[in-house]
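Structure first, commentary second.
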Amino acid sequence: MTAPVCVTAPAKINLHLEVLGLRADGFHELAMVMQSIDLQDQLHCENTSDGSISLRCDASELSCGEDNLIVRAARLLRERSGFSELGARMHLKKHIPIGAGLAGGSSDGAAALVALNELWGLSLDASQLERFAAELGSDMPFCVAGGTQLCFGRGERLEPLPPLEAQLGILLVKDPDVSVSTPWAYSECRRQRGSTYLQDEAAFEARREALRAAQWLHPLGGEAPPLRNDLQTVVEPLTPSVRDALQCLASLPNCLQAAMSGSGPSCFALFHNRGEADRAKDQVQTQLDQLGLRSWSCSLIPHGVKLMA
């Protein structure tokens with residue numbers, strides 16, 4: 001029987017999130033730049049002899065039932081493999097905050113696909129795993145691949161970029177008592193900004209081309225595009241903790257840029273390196289505590305889910 005498998009499941013931030021318009025299927029057409037960071041969950045998997053699939057987690061607030069993306073990914077992969085006798089006992093060590101706009105759940109689901117592909121000896125390649133991931137969530141294909149990627153469509157169409165040249169540091173903050181509904185954020189975006197949406201595929205593609213030509217690989221600053229998140233314009237006015245976080249981050253010395261990630265409420269600031277991010281965290285910790293915000297200093301990483309040695 002195959003030895004147990006352990007993988008890391010990185011969080012992501014959005015360096016760019018642009019809502020282009022509405023698709024024929026009712027979803028929003030998006031243009032994003034996603035980036036993996038080294039705030040990571042860990043998923044441990046081992047075979048079961050009776051074909052059962054089970055999950056436990058050290059975060060009591062997280063459901064480990066059939067609605068969990070890890071369990072859903074395991075069942076999908078087993079179904080597609082054609083081997084109904086396959087089973088797994090899985091344990092998630094949770095470090096990415098829940099409901100934070102950091103794709104923690106999606107990354108955990110992607111981790112299950114990668115880990116069980118290895119555990120069960122299925123030998124599926126990354127593109128096959130990404131296709132399965134797309135059936136479960138818009139962010140999940142990116143979480144399989146990771147690194148720095150242009151993401152189009154609902155987020156499932158990936159165009160990899162070389163790693164950012166600068167070893168940027170990140171200070172990430174979140175109010176642990178606040179979450180934002182992603183469907184609400186998109187519906188509110190449509191209500192507020194629908195009249196400005198692009199109207200057809202030709203217009204979508206023209207905007208994609210502009211993003212492909214942008215200098216994403218330059219150190220954040222002079223030549224790099226500014227951070228953009230169209231959902232931030234919707235969420236920030238109605239979420240005091242997001243306003244507080246962004247004001248706090250933007251005021252820090254050496255902060256290059258600050259923005260909200262995904263549909264929030266997590267916000268982040270970029271620094272020239274990890275050392276600057278660590279020092280900024282120490283400097284502002286008292287203020288963050290007063291605001292009720294948790295914080296993490298992180299680095300960019302060039303990969304998604306990864307097998308641990």
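Going from the start of the chain as shown, residues are counted 1 onward.
Placement of Cβ uses the backbone N, Cα and C atoms for every residue, glycine included.
It should be emphasised that the depicted structure is a prediction, and the values quoted were computed from it without experimental measurement.
Here is what Swiss-Prot says about this protein:
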ACT_SITE  Lys12  active site
ACT_SITE  Asp139  active site
BINDING   Pro97, Ile98, Gly99, Ala100, Gly101, Leu102, Ala103, Gly104, Gly105, Ser106, Ser107  ATP binding site
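This view paints the features noted in Swiss-Prot onto the structure.
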residue: Lys12; record: active site; DSSP class: strand
residue: Pro97; record: ATP binding site; DSSP class: coil
residue: Ala103; record: ATP binding site; DSSP class: coil
residue: Asp139; record: active site; DSSP class: coil
If you measure between the CA atoms of Asp139 (active site) and Ala103 (ATP binding site) and round to the nearest Å, you get 7
Considering only the binding-site residues Pro97, Ala103, Ser107, which residue has the minimal Cα-Cα separation from Lys12 (active site)? Ala103
Out of Gly99, Gly101, Gly105, which of the binding-site residues has the smallest number of neighbouring Cβ atoms within 10 Å? Gly99
In all the protein chains shown, the tally of other Cβ atoms within 10 Å of the Cβ of Ser107 (ATP binding site) is 31
Using the centroid of the Cβ atoms of Pro97, Ile98, Gly99, Ala100, Gly101, Leu102, Ala103, Gly104, Gly105, Ser106, Ser107 as reference, list every other same-chain residue with Cβ within 8 Å of it (recorded ATP site), in sequence order. Ala11, Ile96, Gly262
Sort out the sequence-distant neighbours of Pro97 (ATP binding site) for me: same chain, 6+ apart, CB within less than 8 Å of its CB, listed by position. Gly104, Lys174, Pro176, Ser266, Arg294
Quick note, Ala103 (ATP binding site): same-chain residues at least 6 apart with CB under 8 Å of its CB -> Ala11, Lys12, Asp139, Phe142, Cys143, Gly262
Across all chains shown, how many C-beta atoms besides its own are within 10 angstroms of the C-beta of Asp139 (active site)? 27
Count of other CB atoms lying within 10 Å of the CB belonging to Lys12 (active site): 28
